[in-house]
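Visitor: Before anything else, here's the structure in question.
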Amino acid sequence: MLLCTACLVGLQLLISCCWAFACHSTEPSPDFTLPGDYLLAGLFPLHSGCLQVRHRPEVTLCDRTGSFNEHGYHLFQAMRLGVEEINNSTTLLPNVTLGYQLYDVCSDSANVYATLSVLSLPGPRHIELQGDLLRYSPKVLAVIGPDTTNRAATTAALLSPFLMPLLLEQIHKVNFLLHKDTVMFNDNGDPLSSYNIIAWDWSGPKWTFTVLGSSTWSPVQLDINETKIQWHGKDNQVPKSVCSSDCLEGHQRVVTGFHPCCFECVPCGAGTFLNKSDLYRCQPCGKEEWAPEGSQTCFPRTVVFLACQEHTSWVLLAANTLLLLLLLGTAGLFAWHLDTPVVRSAGGRLCFLMLGSLAAGSGSLYGFFGEPTRPACLLRQALFALGFTIFLSCLTVRSFQLIIIFKFSTKAPTFYRAWVQNHGAGLFVMISSAAQLLICLTWLVVWTPLPTREYQRFPHLVMLECTEANSLGFILAFLYNGLLSISAFACSYLGKDLPENYNEAKCVTFSLLFNFMSWIAFFTTASVYDGKYLPAVNMLAGLSSLSSGFGGYFLPKCYVILCRPDLNSTEHFQASIQDYTRHRGST
């Protein structure tokens, strides 16, 4: 490790020597040297640097006309005075004489030259590179200066590998009187003396100073008379001595350099906030909280769901309740007129199964209101899908049975007898409903719909919803009902030329088309809107499907029973069948 360090130092010194030693031949003046047992080096700018623009490194000569630097000269004289005071004292360093070598560091090249000079060995003018830098002993014991940051950094980089200090190793043992003041240092090398705080006034032909305050270490106290401070700003205003101004509220500090006081102000992103205890990092809000951009605090998220108290819910609940009452009323009406031709042609007792399935679907829609619960999530979609499947199965088999009776009973008597003897209508409804029941049970077991709290879609909201809309079971149940709707539509269309009293093609076709449009509208809305009213849109699509099925199939029959009893007679139905038979015979 030491060998590697020596190589790096050698390369650094080699480059520096090419620039400084080879090009700079300035020697310390006799006025700048004092022999002694131990030498100290002083690096002070006795001349000002050259301010012209340069395009490549150049050596600057210090002793140019009109470049004398009074400030550097005062530093030089202060060091001379300090060394002479120590040498003239009989108590500070008895039997030891301090010497010094002072260098004019008016430029970067002069600064490098001076630094390399103090690193050279006593006698010869060269620097020996060794593997063990701890044993290297240059001619100078310590260095004071330079007085600027840039040049001090250069000097420190060259001196640090040789372990040369700005303080002596035994400085904490120093204790002496200087002009009636005690000079001493602590174990860290920090001075424990008292100081006067002085402001220099360099504006006039002569330099003067004013004592602004004092600092003492026993007791530790700092006193400053602010009224004596003369600032250079207008009306003696205190200048701002900061790299960056304070950030606005909710803006974090992003450090742009090496110092934490130099930063850019960046607003905290949405979902984060700036705590005053840490101005450099935005902290995330909790799961149940949110914050807008540039916020100092987090706010509780609003929990939203389709509440029963909302006006939208009132309208939908009223409509669904009205549908449920109409279904119950129709069931009672059909039960009262069960033996009439209209009820028998509509399916007889099969109508009660159809009305019951629609009522089950209507009842499931109440699960869309209020805060989602586990029973509501399990039943609302599955019960609706199963109820609507039973209705569509009955509708399909009813239309298919009329086609068989009027069109295939004579053309395919064997098939007709097998259909009737084996109760084909009931068997179809049972198998079709059982298939949907199996799909729904698989859905509930594998992709169990559960109440959940959704946090991603809206930063300031918590959406309470069920998980059924994203599951494969929901899609399979919906597709199955779609196939049944197409089957019912096809059977109804094939029966468009049946006797008038049995011809349900127009009304059923209209209701099925309305059913398709309702669900297309729902999925279109769900693809562009994902807010709190999506369950209301879902419920509206289901309500529209149930209403269209009820309206297309049962309302015309209720109208005949209640308003046209003359059409609800055996004679009228027989006449309609005879007309159909004559028309078929003529064609």
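Cβ coordinates come from backbone N, Cα and C, glycine included.
Pasting the relevant annotations from TrEMBL:
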type: SIGNAL; residues: 1-20; note: signal peptide
type: DOMAIN; residues: 312-577; note: domain 'G-protein coupled receptors family 3 profile'
type: TRANSMEM; residues: 314-338; note: transmembrane segment
type: TRANSMEM; residues: 350-369; note: transmembrane segment
type: TRANSMEM; residues: 381-406; note: transmembrane segment
type: TRANSMEM; residues: 427-450; note: transmembrane segment
type: TRANSMEM; residues: 470-495; note: transmembrane segment
type: TRANSMEM; residues: 507-529; note: transmembrane segment
type: TRANSMEM; residues: 535-555; note: transmembrane segment
Visitor: Residues sitting near the transmembrane segment (427-450): Cβ under 8 Å, six or more positions beyond its termini, same chain?
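Guide: Distant contacts of the transmembrane segment (427-450): 350, 353, 374, 377-378, 381-382, 385-386, 389-390, 393-394, 396-397, 400, 466-468, 471-474, 476-477, 480-481, 484.
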Visitor: Counting CB pairs under 8 Å, which listed stretch among 314-338, 381-406, 535-555 touches the transmembrane segment (350-369) the most?
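Guide: Against the transmembrane segment (350-369), the leading stretch is 381-406.
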Visitor: State the residues, same chain only, that lie 6 or more residues beyond the ends of the transmembrane segment (314-338) and have a CB under 8 A from a CB inside it; answer 'none' if no residue qualifies.
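Guide: Distant contacts of the transmembrane segment (314-338): 308, 346, 348-349, 351-352, 355-356, 358-359, 362-363, 365-366, 369, 536, 539-540, 543, 546-547, 550, 554, 558, 561-562, 568.
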Visitor: If you average pLDDT over the domain 'G-protein coupled receptors family 3 profile' (312-577), what do you get?
Guide: 86
